[in-house]
Amino acid sequence: MKKIAVASVLTISVIMFSAFVQNPKEASIKRGKEVYDNNCMSCHQENGEGIEGSFPPLAKSDYFQKDPKKIITVILKGLNEEIKVNGKTYNMMMPEQSYLSDEEIADVTNYVANSWGNKSKAVFTPAQVKAARN
Ligand code: HEC
């Protein structure tokens, strides 16, 4: 009986510990999906495919591929100029989303930079967003 109790306590501790040390990048991407669904999806669509002629795609977008930090700048400052994404021209206005917290912006950037065929080695942090605000 005592052995079972000890075993259960051990099992629970191991489970709690693994949740605690969950890969921080994975955790951020997971939170970022929620930020995306609530703040970006209405324009950029569920799978980042965008709407041709209006909202540029984020999936495999060559616009930020070389420098995914651009995603942070676009969220903080918005974008209102003619741009080319994957060979197509877009010239609409994206309102800034700077009301999002530093953490939300870091999370959604990690999500966008690592979804729908996008891949980024970098891990974006709230401190980086904070610095970019100024
Ligand atoms: C109201 C619609 C709208 C919302 C909401 C919106 N965007 Fe945009 N986004 C646009 C438009 C329009 C452009 C192109 C702007 C231009 O042509 O100058 C754009 C451009 C971009 C770009 C650069 C171009 C590209 O395709 O790589 C990124 C990155 C981006 N948005 C990310 C986001 C993220 C992340 C969110 C949520 C936090 C978001 N956007 C919310 C409309 C929107």
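Positions of Cβ are set from backbone N, Cα and C atoms, glycine also.
TrEMBL entries are annotated by machine, without manual review.
Going by TrEMBL, these are the annotated features:
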type   : residues : note
DOMAIN : 27-116   : domain 'Cytochrome c'
SIGNAL : 1-21     : signal peptide
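Confidence annotation: the domain 'Cytochrome c' (27-116) carries a mean pLDDT of 97 in the model. DSSP labels the residues of the domain 'Cytochrome c' (27-116) in these numbers: 38 helix, 10 strand, 42 coil.
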